[in-house]
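Taken from TrEMBL as is:
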type     : residues  : note
DOMAIN   : 545-668   : domain 'NWD1/2-like winged helix-turn-helix'
REPEAT   : 896-937   : repeat 'WD'
REPEAT   : 939-980   : repeat 'WD'
REPEAT   : 981-1022  : repeat 'WD'
REPEAT   : 1321-1363 : repeat 'WD'
REPEAT   : 1364-1405 : repeat 'WD'
REGION   : 1496-1582 : region 'Disordered'
COMPBIAS : 1546-1562 : compositional bias 'Basic and acidic residues'
COMPBIAS : 1563-1582 : compositional bias 'Polar residues'
Amino acid sequence: MFRGKGAHVSSDGSNSGQRLPYASTVFVVCNNPEEFEIERRTLWGDVLPDLQNFAFQSNFDLEFCDVAFEKGELTNSTAENVLKKWKENPRSWIVLLLGNRYGNVSVPTSLRKEEYESIRSSIFEQNGNVRIFEKAYTINRNVEEYRLVPSAIKDKKQLAEIIKAVQAGAKAAHEEGVINQVHEQQQNRFFSSPLDLFLRSVLLTSPCRCLFLLRKFDQLVADPNSPSAFLEIEEKNSRKIEDLKNEVTLKMNDRVMTHVLRPDTVDINYFFNSRDGDKYREKIARQFNEKLKNLLGELNPPIRPEVPRSPFDIAATEARIHTDYLEHQLSIGDLPRDYDKRLDELADVKVNRGVFLIQGTDLCGKTQALCRLYNKISSNDAYKIIFFTNLTYASNFAHEAWRTICLAIWKMANIPKDPKEVMEHFKLVEVLKCLETIVQKADKPVCIFIDDVHLLKCGHLLSQIGRRTENAPDNLSLFMTSSNITPVNAVFAVTQTVNIDVISENEVVGMLQKMAEKEEKKLTSEQISTLRPTVIASKEGILVAKSYAHEILHNGNSSMKGGIEGRINRIEKEFGKLAVRCVCKYIVVSAHGLTRLEIHDAISPEKEILTEMGMSIVFPTLLLDNIIEAFGPMIRKVVIDDREVISFSHVAISNYIRVRYLTSSGEVRASHLQLSDLFADLLVDNEQSPRHEISYQSFSQGIKRDNGSPNFRRLRLLWYHCLHSGNLDRLKELALCQFEYIDFVTRYFGIAHLLSMFEECATQVLHHDLQVLSEQVLVPALVTMARDSEQLAAEVIGRLRYTRQDNSHFLNTLVEQAMSWVDLYNRQPLLVPLTCWISPPSTKVCRSFTLKDWKPGNTVLTPLANHQYILISGNQTYPGVIYAYHVASEKLIGTFRGHTAAVTCLVSSHDSLFFVSTSADKTAKTWNFASQSEAIRTLTHHTAKVTCAILTTDDKILITASADSSAKMIDMETGEVIRSFNDHTGSVVSLQLTSNNKFLITGSGDFVVQMWDTDTGKCISRMGGLMAPVSTLAITSNDAFVVVACEDETLKVFSTVGGQELHELMGHEGKVNSLVCAQDDCQLFAATKSKIFCYDIHNGQMIDVLDVAQPYPICSLKISSDNYFLISACGPKVTIWNVQKRNLDVHDIPADKESFLTLVALSSDDKYAACGTYNGIVALWDLEVCQCIYTFVQSRGDPITCLQFSVDCHYCLSGNLTGSILVLDAQNGGIIRELLMHSCEVQSIMSLNHNKIVSCDVQGKMVIWELFGDDDTPDMVAAGVKPPIFVPPTGKIMVGHCSLTTKEMKIWAFQEEGAPIIKAKLSHSDEITCFATSPKGGNFIATGSRDMSLKIWQIDKGFLTQVLVGHENVVTCCCISFDERLVVSGARDEKMIVWNVQSGEMICSVNTSAPITSLSMTGDSTVVFSTTENGWVETWSTTKGRLLSTFNAHRPIKRLINSYESHRMLLLLENCAQLPILCLHNTPAIGVEATRRRSARTHSVSSASNEPLVASGSGEIKKDPSSGSNSGGNGSTVTRPSAPKPTFDMLERSKSRTSLIEKDRPTTLTTSNAPPPQKSNMCSIL
């Protein structure tokens, strides 16, 4: 048995009855197990594994049924069963083994009525054994035939008597001309063996789906005295089997494998153990492999599921499954009902608009009513879509369901507007607004039908909507069904409610008669009369009646007793209780069902259970099929992902089965664990079984096939069963934190479905990693993913690398996998981030819920060890009751009653097996969490109110405090007091223990905090100086600090060792009621009325304020065991806060503007980058490893205004606001010199050949100076030049703006002596907004203007060569290619145009997502990059304008600079303190290797070492000796690198790359060997 998973749902429009699931069964049929044991072992051991692999790679399920192994000797009953299943599935195959044995004649399984009567008369006339014949057959009135009763045959002797009687009677009746005179084959079945009958049926039905093995032992004669399993004794039977073989050979020559064996002795087993036997086995193994693969391949052509082209395709596929199920429902239930007149009224969509809710009890026919209503509305009158909740994997959550409906209607209605407004919305509120828009735009009414709308889940990620009272759109008719006992969270106000009564007897009878007609049978009037009372006797009447009818139609009779339970009891009696239990338990725990193959493979590894059932090797396939068939209407079969998925047909059946077969939560988890093992490939036994034994194991399969297609069934189910098995580490490792897994889910099922998976997890567990990935990575990336699904890796890398140091192992592994995925990605160019600047959004509140019917008081709580459950008390209506809640689902799971007064404290044991409660009734009680009975023990050692309690770390000692001024140590095993602490004179209100349990700290109303030795009971220190009674205490996990809160609203920090006060915490409002310290020993949380104040316990600074927004005091604060969550109780509201330390996004902190970048620069050899900030810092970056290697403070507080690298790339020049220019050594990090050539802001610096520099300031002063001059004396000074300017490396001309008008630019020529002279003017009719030249200088300059034109000029003479018109708004940017063939322009009209420089022709024009801010081209001019105001980088082909890749920077982009082949791209973002570096992976750009080769130092990104760069003693970064540049500062040509592959291998993956500029780096290298700056002692969460 094998699972071949995957394949997308078929794209044809056929219904489920016509579309076949991709599943094949190979039936191996022979006379008996012994005759073909060798061949069967060969099939099991040598052929099946190869076929399994072939099936998996070809994308179909392969089931293997060895009939002899499962049933023993072939009988007519078994043969008929196999033939039936073979005929039902046209993809199935038979392997028929024919040897020297003909087989024994068996009894016919059925007799026509006339046959039965004639044979019975003949037996009677011949004085035969009529009685035994009558007992062997019973009439089936549904088809008017007699069926063999298997229980009538007790042994072989009785069977022989029945055969003898039947043959004698049949022969006599035939000779008398009474029966079978025309159809000779009908008569021959009384005298033929089952093998003979089976073979002839195959030849008559579909012989092309059968493979024959004909084996003959030549020259061997059977010994009558020594029967052999291989040879036939009777000569007559020998002739029959030879005739059969000859007939097969003549008719099916191409499907026949013939083997004539000539053993030397009569001992055939000796032959099979010889070398000749081995050769025979090898030969048939080859033949079976070759022929079965070819034949199965013809039935199942290899199909690689295509990635859906858009979310519309996913929605269409989903809608098709629901439509198929609708047709199935109508085929069995489209019968007249009492409410038909009401349905006819509702079906008039021209009159009825609004929301119609069809309500009724379970199993009253609501679904049938909805389907019939759908059928009554014509498609010509309205657009229709029907949706069955929980039918498919995408029909569980409201956000995904409604989004699917919106997309399907949009496609159906052919709305001619950009579908982006639908595709980019995922939250339920947004989706519903889109629905309103779609309905309004549709050209005819829209009818939406939703079954069981009350079962749609609303998670907290995307499905939150609250209560809506708005009316539905005018053009919409929404029909929904719901249980009348379950509240419905309708998205629109319900217009009208229609109540459905319980289905009547006549209606049920009509349905059953139609059910019989569908199977070409009929129910007798007697049977119908018996069925009628069952409808009234059971609340599941309709389902019970269907089950009875199915039993009658298939078995010929039914006791019709016991309802559902009685039917299942009879199924257990027929097939075995253990076998039925195994099948049912796996079906019921799966959300939407399993395939037969999955059920089989889940049961087969349970060897102990198989042994108990008498099946030591594998669960029988035929038995599984028979059990599933016996359940009949209790089972639902739906084709999903081209697999027939089996589930229970109604929630009532599922609930009954769950209660019957899974009696504890442990059994449920064990079933989920077994299924998760199945889908995770953990059920494979790598140990090879001996060759002489038959063994089976499911085929080991990965998440994808060799052709790259995914395993759909693993994607669908692995995560679900890992989650419900409770194995969250496996869930993360193999599914939801495994990049390839989530990428496949996103790619084939959509990002909305992936988030539905996380929604389901959020309803089951509160888990930090899953919350981070969903809320801080996937949800913020929705807009990006909606536009470009290929950007999942970029979003994961960019966001999770930012917090790498705080991430768990699983999240960091996810980042590594995403990087590896990028390195192997080859489908198309892909933009990926190499540095990190996108901070995850702040998530303070993880979960909050309000307790129902809660009268607020002093609410106290405690979480259990895994923080999935909380115990809470404080309801003033029932003050002594303790409630247990499941946090994720917010459901009440238990209550504990026993206290007679308010509960004051709750403490859970560290293993969560028990908990302790204290109360104002002077008692402390110990409870078993698993049992909600009375308390285990009640402690009455105090004489007044017990205020609090605490357990030691080993849970052996309990310490309680009381208003009787004492604290007591109590032995948890005996309940006896070990020691008392009685020195206080006031109520002891708070307790804390050190981590080693050696010291106890008590706080009292007598203004004193005392520390006690728990071994001696002596007070060892006091923390005095308090001016009011103590209200609560807290201690850090390292036992260093004790925090004391008093009634006078003071909050003080004391040293545990000395007891002295360290400092007082200020800023909170009101009395502190509860305190807790995070396990990082840094954060302290203090709760007052409605608010929680977070402090840094070391320096006393307030970090954050958390507002519960409830007018009650917060009396209980707890930190989860993993230190990620803070749990608070405030009146009726429970809130779970995320308290993990994190770096806030600087984009959200206006006060940090000084660190924002002002500009970026790239060296011409693409090795180095530089950036400057508002606070005067210049940073140099090594682009090979994307690390900031040096930082310099040019003039603190003065923004950097211009940056440029020298021609030879050895030096970086920066100018600032005050006119200072700094020359930096780009390779070694030193400061070469600082110049004061200007007195105001320097806006342009240009590097020329021969170490000449041109700089220009905002006042128009232009200076030419020597890079290595001895002083600040310039070579030339000129005025009247408005920056920015351009000077080519030759230094012969200069281009700049005109200082008098914005409509002109000028070209100046430099003279050997004197000031530059104006050579030409470049003018537009409006302001010139941009200009560009080739990066190497060149002959042309392009200018763009507000006049919406682009002009091309000759630089040398200033001639206008082209006027390019095509934009409809201001031209904002332009660029010219290296070879000056192309010029690209971008404008505020959101259009980018590629022009031919020579001809002025428009090559292509593309529309962008927003106004364009910058453009840049690769060196070979094949790719152009555009950036937009909304933060998108778009990569385009310059030849056809095809979009190659996109990237969302999540901030407005000012500028983009790219390397020659775009392996490195620098972004300048608004309000960003990081340097974003991108890479175009799989870039189509080609480097000019002969003339532009990068130095030997930089091979590619993939060649980088994973070792971090280390500063030497002199502060110099150590590099490979060959890393120095080979070009000097004389303007020689700089070489360029070859394409870097793969992208991430070079980068150091061991640390986070926030790309933040370090502000405190020294300005010179001489001090870089000093110790690193000390971190602040403030443990900040910011």
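Cβ atoms here come from the backbone N, Cα and C positions, even for glycine.
Predicted automatically and left uncurated, TrEMBL annotations should be read as such.
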Do any residues of this chain, six or more beyond the ends of the repeat 'WD' (1364-1405), have a C-beta under 8 angstroms from a C-beta of it, and if so which?
1329-1336, 1338-1346, 1348-1352, 1411-1417, 1419-1421, 1424, 1426, 1428, 1436, 1438-1441
Count up the helix, strand and coil residues in the repeat 'WD' (939-980) according to DSSP, in that order.
0 helix, 22 strand, 20 coil
Same-chain residues at least 6 beyond the ends of the repeat 'WD' (981-1022) whose Cβ lies under 8 Å from its Cβ atoms:
944-945, 947-950, 952-954, 957, 959, 961-969, 1028-1035, 1037-1039, 1042, 1044, 1046, 1054, 1056, 1058-1059
Please average pLDDT over the repeat 'WD' (981-1022) for the predicted structure.
93
Using DSSP, how many residues of the repeat 'WD' (1321-1363) fall into helix, strand and coil, respectively?
0 helix, 29 strand, 14 coil
